[in-house]
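Visitor: Below is a structure I'd like to ask you about.
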Amino acid sequence: MLLAVDCGNTNTVFALWDGDQMIGHWRTSTEWQRTADQYYVWLSTLMNLQGIKAQITDMIISSTVPRVVFNLRVLSDRYFNTRPLVVGKPECALPVDVRVDEGTTVGPDRLVNTVAGYEKYGGDLIVVDFGTATTFDVVAADGAYVGGVIAPGVNLSLEALHHAAAALPHVDISKPQNVIGTNTVACMQSGVFWGYVGLVREICDRIKAESGVPMKVISTGGLAPLFQQTADLFDAYEDDLTMQGLRRIHEHNKDIGNHA
Ligand SMILES: Nc1ncnc2c1ncn2[C@@H]1O[C@H](COP(=O)(O)OP(=O)(O)OP(=O)(O)O)[C@@H](O)[C@H]1O
Ligand SMILES: CC(C)(CO)[C@@H](O)C(=O)NCCC(=O)O
Ligand SMILES: [K+]
């Protein structure tokens, strides 16, 4: 079975794949100090609790935090006796072209999202991911990754207000009743919530205009449903796009006989 690991700047998600069936997924905070032994104790405890008996033979990692990869490699080597595929490393092949400026390193999560989006929806696609950052990634007709947009994440924007202004409290995102807030929290929620609705709409419109072809927009990430409830921003929502992409990239490397 395949263990797929997606390390974001805030959270790390592990998913267990049996072929194209995801049989479990678990989330922890991203901490580069966490050791291979700690990962293993945590993972095996959760698997036991859920009665999952799995023989993990393969591992694939996408990490936006370079220093966590070391301990995940040790986990793979020590406990699963396999060398992991690491997205973005030369030995990990992608099933699509990447057409960006020479010398640019695209975040592996962004590439992985587009691979999954293309597999399910085909090309001429925009993938929006609401993580630590809000990213927009563009897939051409042939599936190639052709670039995108990085905007500050929703929670990051709220945190930035709280940190920079002495009188602004910590606030969780939610959909405000009105645009005109009549207390501090409502004003902050309005600014970030409606500001984001506008940001997403404007960026997608401009990507479509610049591309000159009709495009589908799909969203992923914890906060996407909150925005979709309100405004018709996306054609579809996928809750585990990054994990689907990791499974697909692993399969591609097997198909071409590439063993990390
Ligand atoms: N209504 C909500 N308000 C606040 N947070 C929410 C809400 N719904 C979901 N979330 C949060 O969204 C997060 C899931 O987001 P996701 O995994 O896409 O990105 P992340 O883990 O924050 O970022 P990264 O992948 O960059 O580490 C979870 O931590 C969850 O707590
Ligand atoms: C933009 C983030 C932080 C989103 O997770 C990540 O994809 C990243 O660190 N990217 C590196 C730079 C780039 O994608 O161009
Ligand atoms: K993510």
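Backbone N, Cα and C define each Cβ position, glycine as well.
Here's the feature list from Swiss-Prot:
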type     : residues                                 : note
BINDING  : D6, C7, G8, N9, T10, N11, T12, V13, T132 : ATP binding site
BINDING  : G107, P108, D109, R110, T184             : substrate binding site
ACT_SITE : D109                                     : active site, proton acceptor
BINDING  : D129                                     : K(+) binding site
Visitor: List the binding-site residues among D6, G8, T12, D129, T132 whose C-alpha is within 10 Å of the C-alpha of D109 (substrate binding site), in sequence order, or say none.
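Guide: The binding-site residues passing the 10 Å Cα test are D6, G8, D129.
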Visitor: Tell me, how many other CB atoms lie within 10 A of the CB of T12 (ATP binding site), whichever protein chain they belong to?
Guide: 22
Visitor: Please state how far apart, in Å and to a whole number, the two most distant Cα atoms are among G107, P108, D109, R110, T184, the recorded substrate-binding residues.
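Guide: Of all Cα pairs among the recorded substrate binders, the widest measures 38 Å.
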Visitor: Please go through the binding-site residues D6, G107, R110 one by one and keep those whose C-beta falls under 6 A from any atom of ligand 2; give the result in sequence order.
Guide: G107, R110
Visitor: Of all the Cα pairs drawn from D6, C7, G8, N9, T10, N11, T12, V13, T132, the residues the record ties to ATP, which distance is largest, in Å?
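Guide: So the maximum pairwise Cα distance among the ATP binders is 14 Å.
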Visitor: Given the ATP site residues D6, C7, G8, N9, T10, N11, T12, V13, T132, which other residues of that chain have a Cβ within 8 Å of the mean position of their Cβ atoms, reported in sequence order?
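Guide: Apart from D6, C7, G8, N9, T10, N11, T12, V13, T132, the close residues are T30, T64, V65, G131.
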Visitor: Quick check for the class: what is the C-alpha distance, in angstrom and rounded, between G107 (substrate binding site) and G8 (ATP binding site)?
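Guide: Roughly 10 Å, rounded to the nearest whole number.
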Visitor: Which one of these binding-site residues has the most other Cβ atoms within 10 Å of its own Cβ: T10, T132, T184?
Guide: T132
Visitor: List the binding-site residues D6, G8, T10, T184 whose Cβ sits under 6 Å from any atom of ligand 1, in sequence order.
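Guide: Close enough to ligand 1 are G8, T10.
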Visitor: Take the C-alpha atoms of D6 (ATP binding site) and the residue listed as 'K(+) binding site' and report the distance between them in angstrom, rounded.
Guide: 13
Visitor: Using Cβ atoms only, which residues of the same chain lie under 8 Å from the residue listed as 'K(+) binding site' while being at least 6 residues apart in sequence?
Guide: D109, R110, N113, T135, D137, S219, T220, G221, L241, T242
Visitor: Within the chain of P108 (substrate binding site), which residues six or more apart in sequence place their C-beta under 8 angstroms from its C-beta?
Guide: S62, S63, T64, V87, G88
Visitor: Under DSSP, is D109 (substrate binding site) helix, strand or coil?
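Guide: For D109 (substrate binding site) - judged by DSSP and reduced to three states - the answer is helix.
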Visitor: Near the Cβ of R110 (substrate binding site), how many other Cβ atoms are there if near means within 10 Å?
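Guide: 23, counting other Cβ atoms within 10 Å of R110 (substrate binding site).
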